[in-house]
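As recorded in TrEMBL, the features of this protein are as follows:
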type     : residues                                 : note
ACT_SITE : 63                                       : active site
BINDING  : 34, 35, 36, 37, 38, 39, 40, 41, 243, 270 : ATP binding site
DOMAIN   : 27-352                                   : domain 'ArsA/GET3 Anion-transporting ATPase-like'
């Protein structure tokens, strides 16, 4: 396993997210990882950096426990909200469950107004009968909404790993589900027609309306799927901290992204103690100065050294796993919270100006 002191960053991909800023074709950037590793801070900082070179940037939180409002210290709602201090950066917080409920209400309202009132009932039955299709259809509605907003690039601040993987699997889930529905339609179209006729509906009109709505959703999903699997348009930034569980979760996330065909070549490691130094350097300093320190200071330094050794071990593992193929960016642990536009601007510089590990 590589030791942090032995890592020659000259042989590795640039340890920053500058590659994302420079890739002007990117339209979708997902930021994800284990809970509590700094995904929201990384998303906000990435949005701040993108706003320097893009005309219109949108940050979208898909995490039910929204934190964008806390990060920017301003109220952010379900519609794009301009971020104070910027003229080209906006943010919005969405809830898939609420969106799905609203979509079903709209379908019910539309169904009650139309002659084919059975349409909404049958669509509702459909969304309740296939596991995951309700969230998937909500996701497709979100993507249609975002696509119509005319933003150059959208940064998704996602929920913890498991929820994010479900989100990214929605295009596949929905494509399979709609394929099955179409297959059933071909096999049992006559039966469906008889059933709708018994309900007093126009069989042809009802079938056409249902299939038209499903086909519209399928078209959006196919388009989204194609974009997600195009590395020129979509990439995923994995965020972790230098601890075992977080590195393990990142490895799982990278493997799953590979299965979905989604590009991922950036890893951000947050909360790093003194990224420009290694534990051995600090140990030498401590050995020279500990005799002059009071007992309380020795205890504090001893715990800090233990934490630094642990972090260096897992950072070394991270470079072993990803160093040759991924841009691994080390973000320092600060002695203050990164909240508010000014501090986010300051901290975001670490994403594009890599820390020199040879200092």
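We number each residue from 1, going along the chain as drawn.
Cβ from N, Cα, C; glycine included.
Because the structure is a prediction, the values reported are computed rather than measured.
With respect to their backbone Cα atoms, residue 63 (active site) and residue 40 (ATP binding site) stand 10 Å from each other. Cβ neighbour count for residue 36 (ATP binding site): 11 (other Cβ atoms within 10 Å of its Cβ, all protein chains included). Fewest Cβ neighbours within 10 Å among the recorded positions 63, 243: this applies to 243. The binding-site residues examined here are 38, 40; by Cβ neighbour count within 10 Å, the least packed of them is 38. Once the Cα atoms of 34, 35, 36, 37, 38, 39, 40, 41, 243, 270, the listed binders of ATP, are compared pairwise, the greatest separation found is 19 Å. Just so you know, the Cβ of residue 34 (ATP binding site) picks up 22 other Cβ atoms within 10 Å once every protein chain is counted.
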